[in-house]
Amino acid sequence: MLFIGKTTEGFPVTVLQAVILGIVQGLAEFLPISSSAHLILVPWFLGWSPSGLAFDLALHVGTLIAVTIYFWRDLLNLAVEGLTKGMKTPTGRLAWGIVLGTVPGAIFGLLMEDVVEAVFRQSILTIALLLAVVGVILYLADRFGPKRRSLEEIRVSDVIWIGLAQALAVIPGVSRSGATITAGLALGLKRETAAKVSFLLGWPIILGGAVLVIPDADPAMFTPSFFAGVAAAAVSGYAVIAALLRYLQRGSYLVFAWYRGLVAAVTVALLLARGM
């Protein structure tokens, strides 16, 4: 999910719900399956009240912590080489690509927050359809993309294009990692390279969302549920990053494309069964 906004209300009722949603967030943020869709669908499946954008932010702070801890050396190298060597090295090019690629997502998120909250977050059917559609696109990109280029061969323009794809992730069901990984595969990046670029590109946009929201937050927002959700998302997110990067050394994204289709089908079936 791409989070930019200033909504500060809305929390699960119990710490247990917060932990469950934190684990869901940690799993779904880094897998191309849409964390925002799962944070809406899981409460809907279980009959809970919607958690709201404020709690979604709390969970994204958790996954931000996971990315920062896992990639702290990479983030430090990006900052140093980006400032000292500009675009003369692969790391420098990636750094400036991330800076430029973050802009579309930030602008789109700020402009579209109210529309997304009013339209997309309220429509379970729309979320299901987007899960399926992006799943098909991910399948095609993984199945037919060249997948030849490594991180050392990346261009600034590649990261900007991936950043444009990231802008679509403000819409639940699209998936920030799904959009960015799919774009990376379509541009010819190796599977593991596409994932790493996706994770690093997400760091500033999630940080920006936290910086915008937390200073204006109601102190009542910082409940035990908030901190339980953050911790659960951080721990599960770190584990998923490590596991996915190992898996992608030999595995593909096809399983996630099929999973998206399965979740979409189950969701539509439940909608029909409930007469909604």
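Cβ from N, Cα, C; glycine included.
The shown structure was predicted, so the numbers you read here are calculated from the model rather than taken from an experiment.
For 13-33 (among others), the entry in Swiss-Prot reads transmembrane segment, with the evidence type sequence analysis.
Annotation source Swiss-Prot lists transmembrane segment at 52-72 (among others), citing sequence analysis.
Annotated transmembrane segment per Swiss-Prot: 96-116 (among others), in sequence order. Nonlocal intrachain contacts for the transmembrane segment (96-116), taken as residues 6+ away from its ends with a CB within less than 8 angstroms of a stretch CB, comprise 2-7, 78, 82, 86-87, 154-164, 166-172, 200-201, 203-205, 208-209.
Sequence annotations record features per position, and here Swiss-Prot assigns transmembrane segment to 122-142 (among others) based on sequence analysis.
Sequence annotations record features per position, and here Swiss-Prot assigns transmembrane segment to 154-174 (among others).
Annotation source Swiss-Prot lists transmembrane segment at 197-217 (among others), citing sequence analysis.
Taken from Swiss-Prot, the feature transmembrane segment covers 225-245 (among others), and the record attributes it to sequence analysis. Cβ atoms under 8 Å from those of the transmembrane segment (225-245) belong to residues 11-15, 17-23, 25-27, 29-31, 55, 58-63, 65-67, 69-70, 192, 195-196, 199 of the same chain, restricted to positions at least 6 beyond its ends.
Among the features that Swiss-Prot reports, transmembrane segment is placed at 253-273 (among others), with the record citing sequence analysis.
Outside the transmembrane segment (122-142) by six or more residues, the chain places 32-34, 37, 40-41, 44, 171-175, 178-179, 181-183, 185-186, 191, 252-254, 256-261, 263-265, 267-268, 271, 276 with a CB less than 8 A from a CB of the stretch.
Same-chain residues lying 6 or more positions outside the transmembrane segment (13-33) and placing a CB less than 8 Å from one of its CB atoms are 1, 39, 42-43, 48-49, 51, 55-56, 59-60, 62-63, 66, 131, 138, 175-178, 181-182, 195, 199, 202, 224-226, 228-241, 244, 253, 256, 259-260, 263.
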